[in-house]
Amino acid sequence: RTTSRYTALVERDVVKATNDIGRVLADLDLAAVAEEEVAAAALSPPPVTTPPPPRPSYGLFSRRFVRQHGRDLFACAAAWFLLDIPYYSSTLFQSQIYRPWFPPAAKVNAFQEAFNVAKFQAVIAVASTIPGYFAAMLLIERAGRRRLQMAGFLLMAVFLFALAGPYDGYWRDHAKTAGYIVLYSLTFFSANLGPNTTTFILPAELFPARFRSTCHGLSGAAGKLGALVGSIGFLWASQQKDGAAAGHLPGIGMMYALFVLGGICLLGLALTYAFTPETMTRSLEENESSVQAQSQVGDGGSDAGNGSDGLRFHELNVLMEAATKSPVSMASSHLSMSPILPHRMSL
């Protein structure tokens, strides 16, 4: 089932959208609305056949899409890609954390080893990842998406550098130290506080309704590519030059691998600062209309009169005001001003 916003902006069936959104209002009397429409229809002239709604004037693979939304798509996809490299690499790094706490794999069976790993991951989740999400929920409407994403990348870099700097000289031989586990947990807390939350939110707020799911999927696919790069790259890079595990090529060592991950987080911070817009306190329609207005200005107003791409912001604004207006007055005022339904103007 589609939402009222999708019905109004993409399918352009304003009457259906009005009825759909009306069903969520507690004081809606559908019978009264139906009677009102029947009475109004009896007084109106015969309906005039109107052509079907025009097709959108541009698609996903077009220059206009790149001009209007290419920057946002790049920002979302690149941030997700850069986040998943250190995030999934840190997940592989867990073996360096829990190994001293549990019996060697050769001394336990597969079920006991899986249970030990799951128990450790549950502790990390309760102590870091879940609190990170709650912190994001508390701060995202105060700090904003862009700032929170930048702060998350910065904190991830700080804690990864704190693990990397003294790794060969201290952490390697003190893996049971509380500070070691705390720093490791804080990398996940920082990720969930910032980019691991905002990379899901920003694509859902930046793109028009008819591109929203596709652009969100493309951004998520870039993240999975980053996960692949991080998993394979970290597995190689973390191998010591003179002591690689059997079946692995010599790498650059754990210390330098962690430095690389911290540098990637700083790159994510810089990219967010340069390309990611802020969407806090702005509705989906405001984000969409601002992009359209900027495009019209850039094109010298050539799209201002293009009805084929009119996304009917007025209609949706009327729908969104339904919570403060009576159902009958909302429906009648909307139908009377709808440019999509000229034969209903007498209502």
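Residue numbers in this text run from 1 along the chain shown.
Note: Cβ is positioned from N, Cα and C throughout, glycine not excepted.
Please treat TrEMBL annotations as automatic predictions, because they have not gone through curation.
Under the heading domain 'Major facilitator superfamily (MFS) profile', TrEMBL lists 1-280.
If you look at the transmembrane segment (73-93), the same-chain residues 6 or more away from its ends with a CB under 8 A from one of its CBs are 149, 153, 156, 160, 184, 187-188, 191, 195-196, 198-199, 202-203, 206-207, 215, 218-227, 229-231, 233-235, 238, 257-258, 261-262, 264-265, 267-268, 271-272, 275-277. For 73-93 (among others), the entry in TrEMBL reads transmembrane segment.
Sequence-distant contacts of the transmembrane segment (120-140) (same chain, at least 6 residues past either end, Cβ-Cβ under 8 Å): 94, 97-98, 101-102, 148, 184-186, 188-194, 196-198, 201, 280. Residues annotated as transmembrane segment in TrEMBL: 120-140 (among others).
According to TrEMBL, the feature transmembrane segment maps to 152-171 (among others).
If one looks beyond the transmembrane segment (177-194) by at least 6 residues along the same chain, the residues whose Cβ comes under 8 Å of a Cβ in the stretch are 83, 86-87, 90, 93-94, 97, 124, 127-133, 135-136, 139, 148-153, 155-156, 158-160, 162-163, 171. Summarising the annotation, TrEMBL assigns transmembrane segment to 177-194 (among others).
What TrEMBL records for 215-236 (among others) is transmembrane segment. With a cut-off of 8 Å between Cβ atoms, the residues of this chain six or more beyond the transmembrane segment (215-236) that come close are 69, 72-73, 76-78, 80-89, 92-93, 199, 203-204, 206-207, 248-249, 251, 257, 261.
TrEMBL lists 256-275 (among others) with the feature transmembrane segment.
The region 'Disordered' annotation in TrEMBL covers 284-306.
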Within the domain 'Major facilitator superfamily (MFS) profile' (1-280) only, compute the mean pLDDT.
86
